[in-house]
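Comments concern the structure below.
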Amino acid sequence: MSHLNNALVEFFVIIHKFISSIITNPNYSYGVAIIFVTLIIKLILLPLNIKSMRSTIRINEIQPEIQKIQKKYKNDPQRLQQEQMKLYKEYNINPFGSCLPLLLQWPILIALYYVFNNIQGISGVSFLWVKDLASPDIVLAVLAGATQYYSGLLMNPKGDNTQAKTASNMNLSMSIMMIFISSRLKAALVIYWVTGNLIQMGQTILTKKLEQKHSANKDA
């Protein structure tokens, strides 16, 4: 983990040096550097994120079939698992595919927490309405929760069934928790989180459109 921490510190320093050569005012250069770092990290994770989103979208689409299987084999767990895996294979779905990007993002987030705690230059630096990137900002915290909520909303299954309601409640709970956590973190880290959520929303909308086009071509 220390190698990742040190690598991200060096990476951020390089990006900030490049940005500050164009934008000399530190009240803009640090914030823009954080956004650039987020874009680069998201770009690196893009193939995994798209694959993950496709799996999630397809699983949501076949929920009626999954529920039929669950109802039919509710007293036979082994057969239930076999039939579900058969269905996933038929639709080319990896049920665990959505977990990998999330598992990769947490070490990065923890490493960035280390980065912003060890880069002294951000102390006292403002960005947009944020007075100090090294201090918490309540507006950013609310934005973190709101973007987290809408990002999750785009991926949640539609309908009034139990799974849709559970996913909706979990999304709301996580978003409220995000506001609480972000209100205690340095604004620099929360800018990364908000920017990442906005990018995620764009990726989800684009991937959904591509999946709809793929389904339409398949049915034609």
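Heads up, the Cβ atoms here are built off N, Cα and C, so glycines get one too.
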Candidate ranges 4-24, 130-150 [criterion: Swiss-Prot lists as transmembrane segment]: 4-24
Would you mind listing the long-range same-chain contacts of the transmembrane segment (172-194), meaning Cβ under 8 Å and 6+ residues beyond its ends? 30-31, 34-35, 37-38, 109, 112-113, 116-117, 122, 127, 130, 132-138, 140-149, 152
Spatial neighbours of the transmembrane segment (4-24) not adjacent in sequence (6+ beyond its ends, CB under 8 Å) are 30, 32-33, 36-37, 40, 107-108, 111-112, 114-115, 118-119, 121
